[in-house]
Amino acid sequence: MAEQLTEEQIAEFKEAFSLFDKDGDGCITTKELGTVMRSLGQNPTEAELQDMISEVDADQNGTIDFPEFLNLMARKMKDTDSEEELKEAFKVFDKDQNGYISAADVRHVMTNLGEKLTDEEVDEMIREADMDGDGQVNYEEFVRMMLAK
């Protein structure tokens, strides 16, 4: 499954994995998964977290290691983002729910994920997705960017 990923995708997933893996031990626990999900505005129960982990926990040790994480991500990408998932993701970034993602919105979410970005990096992210040049990202631009992987 993970064989279909590009080197760039694997590098991105490695970075995401290390955001989840707070103690750097090479495994994601339910506690670490819960922390990240809550920072994204989700509120999963302990049972839901265990379900998510056991879904991809090939060696049944109760945690997700990087190869298991890659398989999960490859599977998720194959399921191509449903309309509902895209709407949810957009809502996470659109903090003030005005229908646009601003640089401040991106900065806020990335900071909650523990990712410190420079103003230039945030502006670059907005520029890449901003088709009409208004300095922010609307839902259509967001969908186009997410499906352009």
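Placed from the backbone N, Cα and C atoms, the Cβ positions cover glycine too.
Taken from Swiss-Prot, the feature N-acetylalanine applies to Ala2, supported by similarity to another entry.
Here Swiss-Prot flags 8-43 as domain 'EF-hand 1', drawing on sequence analysis. In terms of DSSP secondary structure, the domain 'EF-hand 1' (8-43) contains 23 helix, 2 strand, 11 coil.
Positions annotated as Ca(2+) 1 binding site by Swiss-Prot: Asp21, Asp23, Asp25, Cys27, Glu32.
Feature annotation from Swiss-Prot assigns domain 'EF-hand 2' to 44-79; the stated evidence is sequence analysis. Across the domain 'EF-hand 2' (44-79), DSSP assigns 24 helix, 2 strand, 10 coil.
Annotation for Thr63 (Ca(2+) 2 binding site): spatial neighbours Cys27, Ile28, Thr29, Ile53, Asp57, criterion Cβ-Cβ under 8 Å with sequence separation of six or more. Taken from Swiss-Prot, the feature Ca(2+) 2 binding site applies to Asp57, Asp59, Asn61, Thr63, Glu68, supported by sequence analysis.
The feature domain 'EF-hand 3' is assigned by Swiss-Prot to 81-116, with sequence analysis given as support. Residues belonging to the domain 'EF-hand 3' (81-116) score a mean pLDDT of 85 in the model.
In the three-state DSSP reading, Tyr100 (Ca(2+) 3 binding site) counts as strand. Look at Swiss-Prot and you will find Asp94, Asp96, Asn98, Tyr100, Asp105 tagged as Ca(2+) 3 binding site.
According to Swiss-Prot, the feature N6,N6,N6-trimethyllysine maps to Lys116, an assignment based on similarity to another entry. For Lys116 (N6,N6,N6-trimethyllysine), other Cβ atoms within 10 Å of its Cβ number 9.
The domain 'EF-hand 4' feature in Swiss-Prot is assigned to 117-149.
According to Swiss-Prot, the Ca(2+) 4 binding site annotation covers Asp130, Asp132, Asp134, Gln136, Glu141. Proximity of Asp130 (Ca(2+) 4 binding site) to non-local residues of its own chain (separation of 6 or more, Cβ distance below 8 Å) is seen for Gln136, Val137, Glu141, given in sequence order.
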Practice item. Mind checking which residues of the chain, 6+ beyond the ends of the domain 'EF-hand 2' (44-79), have their Cβ under 8 Å from one of its Cβ atoms? Key: 1-2, 4-5, 9-10, 13-14, 16-17, 20, 26-30, 33-34, 37-38, 149
Exercise for review: Give the distance between the Cα atoms of Asp105 (Ca(2+) 3 binding site) and Asp21 (Ca(2+) 1 binding site), rounded to the nearest whole Å.
Suggested key: 24
**Study point:** Output field, Ca(2+) 2 shell: CB within 8 Å of site CB centroid, site Asp57, Asp59, Asn61, Thr63, Glu68 dropped
**Key:** Cys27, Ile53, Val56, Ala58, Gln60, Gly62, Ile64, Asp65
Check your understanding: Which ones in the same chain are close to Asp25 (Ca(2+) 1 binding site), with CB under 8 Å and 6+ residues apart in sequence?
Key -> none
**Study point:** Closest of Asp59, Asn61, Glu68, Asp134 to Asn98 (Ca(2+) 3 binding site), Cα positions, binding-site residues only
**Key:** Asp134
